[in-house]
Structures are given as C-alpha cells and as structure tokens.
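Structure record follows, encoded as structure tokens.
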C-alpha cells in the first residue's frame, strides 16, 4: 500500500516539475525572441531615422525606405510617433499625415477591428498623433459599437475633437462616463467655431459637460464669453454656480463686482472664497470691510484668500499688519501674519 | 492506535488542508491577475499617459518625505523627486528630530531659508520648530520638528501641505519620472471616486542608479536580494492586482501611494505608535468608506515603478520582517471588529480573514509543518507520507507561484533585460522552500513572540544609500 502512495506522490512531483519546466521554457523562448526582435527593430529605426527626417523636412523620399514587413512598419510607426511629438511645423505635419495614411492606413484599418483591446487602444492613439483623417468612418463605427470599451470611446472622442468633427457634440452629450479631465482635454482641442457650438448647446448637455464647458472657458480666458458666464452665474445654483464663478475669476475681468457682494455671506465656503478672490481682482478699496469680515471666516481657505486679496488692494497691507498685531481673533491674526511674511509664492 | 498517533494524523490532515486552502486562494488571485494583465498586454501605456503630462488642470500633489537619520540618501531622493514629470507639485521633507546631519545637509544643499508659515493643526503632532523653503526651488519645503515617529512626521507634513492629494515616500526610494502621472490617472479618471492609489515597488539593489535616476535595471547577485525580488513580484503582480480588482486591497504600500488628503483627514490621519502605519491607514479608509456607505475605491496600478533598497544582510532583513509582522498585528488587532462583520462586506469576509489566517498565523502553521516534517523522519509510516505531501505543497507554493509571477512580469512590464535573469529567478525560486521560507517563518515567529512579550521596539535599519 505504501509503495502505491509513494508512486502517486512521485507522479505528482513529476507533473509539477514538468509544469515548471514548460513555464521556464516558454519564458526563455519568449525573452530570447523579444530581445532579437528589439535588436532588429532598433537597427531598422536607426537606418530609417535620417531618411524619414529628410522626407518630412524636404519632401523627398528615398527608395531605401520600405514598409513591406511588419517590423518595418513598426519601426516607421515609432519614428513617426517621435517626430510628431518633436516637430510642429504645419508643412511637416501634413507630410507626416500623408506618409502615415499611405504606409500605415491599411494596417490600422485591420488593427481597429482587432480582437485585442490593447492593440485597438494603441492604434487609436497613433491615429490621433498622425491625424489620419481617412480613418474617421472606422473611428465613428468604433464609437457606435456596443462592444468597445469606455477607454476606447474616450480616445475616439479626442480624435474627433482634433479633426473638428461636428458630430462630436452629440456624442459628448450622450456619453456620461467621461471624467472632468477627459472633457477638458477634448474641449480644449476644439477650434473657435466648434467650441461656440458647444456653448450654444450648453443647456442640452448633462452636468459634467456643463462644468467642463465652464472650466474650458476659464482656461481659454476668452472675454467674448463674459456675458454668457454672467448669465449662468445669475441663473444657476450649487456646483454650476461655483464653476461659473471660477471661470469669471479666471477671465480676470469682472464687469459688475457688486453682484458678488451677497456671496460673502453665502452658506457655502467655496462661494465665500471666490467672493474674496473677486474683491482682490477688482482692487477697489470699498471692498476692504467685506474682506476684513472674510478674514475672520471659520474656513481656512476663505481666510487665506481674503488675506491674499487684501495684500493686493491699495492700503490693504497696512490693514493686514494691524490685524496681525491687534486683532482678537487668533486665526485671523495668524493668517494676516502669514501673508505678510510669505516667502516666494 | 493510541491518542498520540491519532493526533499526529489529525495534525497532518490539518496542515495539508491549510496548505490546500492557501494554494486555492492564491490560485484564484493569480487567475484574476492574469486576466487583468492579459487584457492590457502590449498596451503602450507611456503613450496614453503623455497626454496628462501637459495638462494644466491636473490635481496638484504634495509629496511628503519623512526623514529620520537619512543623511546618506536624502539629497539624492529629493533630487529624484524634483525631476519628476508632473505639472504642479510640492516636496515637503519632514525632519523628524534626526540626530545626524539630515537637516544641515538639506539646508546647505538646497539653500533652505526659514519662512513664517502658520500651519493648520488639523491633526495633532509634536511641535514643529521651523519651516524652511528653498531659495532656489520654491516648491521644496523642509519642516523641522521634534521627534515623534514616522506617523507623527507624516501628520505634520499633512498639516502643512497645500494640495488636495498627497503621497508619502520613504527617504530611500527612487521614483521613475512618470510614476505620478500613472498613479494619479485612476484618481483623475474617476472624478474623485478613487481616494487612494498605490503603485508597484521594485528592488533597487542590483540596478545602476546615478543622481537619483535609474540607468540600468539589473538583478542583484546576492541570494537574499534575489529571493526578495521574487517575493516582491509575487506580492505586487499577483496579490495586489488580484485584490485591487474587487476593491479588497488592504495595503497601499508605504513606499509609494497617493491619497486624498480630505479623506485621510476625516479618517484622522496616520495613527501614532504603530509600526505599520500605512496599512493601518488603508484599513481605516476602507472602514470609513463602508461606514459612510459610499462607493469610493482604493486601487493599485501595476506599473508606476518606485525603486527601493532592501536589506542585503540577514541581520537587517530579520529586523524588517519582525517589524512588519508586529505592524500587521497592530493593524489587524486595532480593527478586529471587522472580522466576519457583515457591515463591512467583502473586506470583512475576504481581506481581513485573509490577513489573519494566511498572513498572520501562516508562519505559526508553517512552522508546525517544518516540525512535522522533521519528526516524521523518526517515526516514518503514515507521518512520512503527510510530510512528503506537505513538502510538495510548499514547493508548489514556492516555485509555481513564483514562476507565475515572473510570467506576469514578462506579460506586463518586462523590466529585466536578460535571459539569464529569468533563469536565475527560476533556479532560486526552486530553493525557496529549503532555506528562505523557513528563515522568514522564524523571523516572523519572533515578531509574534515580541508581541506576546509586549516589546514593540523598532530595531534600527541601516541604509547604504542607493544612488551613486
């Protein structure tokens, strides 16, 4: 009986060892092939680098450059990727796009339908880099497809934005999975015309889209939207109101500062903080009493912002210095002291 | 049969059952990780991330570096931090009452000047003596405070920090330059639903590092370091990816993790007088999420790589393991009501039991296993069979899972450049059960012994500094 069991245990050990050896063999072969492949790829890249650069610069293409094999295509793809980052001249860009369309277009068509998620993702980001407009129909197909992941859709939307494709706005309003930063990234790529269209469609969008539009206006610092922002500010509440205020502050031009006065009494600290900042931007000494009030706020951010604003207003520095010495409120005193003695900001 | 032999057989069955349970658990985790990594196989993540490096609206982060007697490496680590790719960040070095030249070195090298700054004392800490700001690099700060331990230093740094997210870093770690962009991505993409994000840590011993940058990745020749490399691969690529997938992650490693400051404040900051303050904080955050019934998450990103120095001598490794085990116990016991508590869902039923049964009591049971094997040699018969079975199972655990982790590494990051590295990892992983595993088991048992005696001393660690 004992012999029998030792036999089984021996068998189990063998199986285990064979399993491990197979795994090891696989790993070694994989690594060897990969090292070899990388070496070949690097060699081709080295050879093609100057040829491709000369073509992009002067428009003349040497016959030595071919894209008949997979590895050559890969080399070209990586080189173009590098150039598209480094070179920003319009003419070079056009040549780069043309070259990519001609040599990689068909490959990318296939790859966009690949079953592997990562291949589709990589392809999308290269299409974006190379601005390959001919693939637009496939990208839209990908957007419409139920099986494509949210990450892919986000990338696809970015590409649509780069191409200034009007259909984009419909998609933006439809998809709600995009994060704030995705939205911003997309909106900031738009030209004036398409961005205006977004602003026109403001009220059809869902929350996140609205916030993103407001943020984007603030980042663009375009005064043309000043009255739009004021309108939103006066007609909205909550987060939307705060974002519109932030955008107004970012524009740096405040038409009617009086309307911010009630916010100094707001129940939300974010609103009080922005009010403090607005008063600082206006630099009007009749806001000083309000700022002194805000310097005694219970929220640290509000106090900090109020102190900073006081520092900018003529006569404010003296007031801060008085507060830092004589005020009864320790928190206000500390904050005033800190802003007066701040090192490099 | 007498009672003793019945007990012997029962113990044998128990040990085998335990090992099968452990192996079963890890197999499930391995499968989850494999699926996850296989999906992003060949994904060019560098390309996808470069977009973020230029974004102006990205959430700024404060990098906290607690330093206690780190004069050997502090200048290098700060330098590597200052060269990271991230739009807006500040570096806050907290000198926790060092007795060596840490403070002087920082002041001299970075031209630190005292600044007046009022610090919000959201968290209670030991007294802060002076705050310095660098004259040449305005986003570099140095806080000099009375010694209070690592958690206290981190809390002081948190009180001071200006930005909504923070990362705590050990003074002896080196970051890859795009690590922050990668680790912040889940936070940015989730609109704040992800409140903490941890990144993978790798071993710097054996790599060529100059001026705080990794030049060449290599595998050390020191057997202890190679075994630790295997352990780290297993822990990060297998364990954490698998656990993170279902929001079960209990450790965002202390050496590299980004947290939302607001959440950490509402959880009460780092807990003082614990050895494993990082794990304890993560458990507390999980708890807070469940108690608030909200759906925030803690995730793990496989690739942002932070390189850290591990002990090369048995003496220091032993101290480290002992300390880790004490830390584990402190975190688990201060949250013992989570165990099998339906209120905490999967954390209470999977993560916490896992840490109790496999991580904490594991060494005790494994130790019994070793004793069993030794005794069986004298008694033979059925005991010997159990012993062989136990030995085989632990080999399976040691070797197969280690190799699987190497496989995962090859599928995802491919950091080791040579074929010989893989062979080395393979051969060493075969020997794990014979020497390394028993050693760590004994060291961790010592940790348990310290807990029983009520000795919570740290044991000082020696560093040689990773960078040239």
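Positions of Cβ are set from backbone N, Cα and C atoms, glycine also.
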Task: If TrEMBL is the reference, give me the range from B:6-32, B:33-59 marked as transmembrane segment.
output: B:6-32
- prompt: Of B:327-353, B:354-380, which span is tagged transmembrane segment by TrEMBL?
  reply: B:354-380
Task: For the transmembrane segment entry in TrEMBL, name the matching range from B:386-408, B:409-431, B:432-454.
output: B:386-408
Cβ-Cβ under 8 Å with the transmembrane segment (B:354-380): same-chain residues at least 6 beyond its ends: 8, 11-12, 15, 18-19, 21-22, 25, 250, 325, 328-329, 332, 339, 386-387, 390-391, 394, 437-438, 440-442, 444-445, 448
Tertiary contacts of the transmembrane segment (B:386-408), as residues 6+ beyond its ends and Cβ separation under 8 Å: 9, 12-13, 15-16, 19-20, 22-23, 26, 30, 33-34, 37, 230, 233-234, 237-238, 241, 366, 369, 372-373, 376-377, 422, 425-426, 429-430, 432-433, 437
